[in-house]
Amino acid sequence: MKFSELAPRERHNFVYFLLFFFFYHFIMSAYFPFFPVWLADVNHLTKTETGIVFSSISLFAIIFQPVFGLMSDKLGLRKHLLWTITVLLILFAPFFIFVFSPLLQMNIIAGSLVGGIYLGIVFSTAPGVGS
């Protein structure tokens, strides 16, 4: 089916999904390669502490994927979850500057848990919610 053959409402939804996935993957690809560098150079974490942060992110991603999958299945229409993830993506930079970085410098475990929860929700559940 061609884009021009879609009903106006379907075209509108298609454009929203297209924009969501474009910005989601853009932010993900811009953040991920530089995240270990940011942890080491800006937050002065050791390689072991960086490993703890990455392990926490992976753990919470594994935990949240089925939870968001069930929520997505029960809601049927996934717009609410997409908007939630969109808001979390918009708050990405303020979270890193004002929450994640100070927590990592004060307590590596607390920072890893909070960062793992946030990043696990935003970057690991969005593809499943949107598909």
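Glycine is treated like the rest: Cβ placed from N, Cα and C.
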Is Lys79 placed by Swiss-Prot on the same side of the membrane that Ser4 is on? yes
Tertiary contacts of the transmembrane segment (81-101), as residues 6+ beyond its ends and Cβ separation under 8 Å: 20, 23-24, 27, 31, 38, 42-43, 68, 71-72, 75, 111, 114-115, 118, 121-122, 125-126, 129-130
Can you work out which residues elsewhere in the same chain, 6+ from the ends of the transmembrane segment (51-71), have a Cβ less than 8 Å from its Cβ atoms? 36, 39, 45, 81, 104, 108-109, 111-113, 115-117, 119-121, 123-125, 128-129
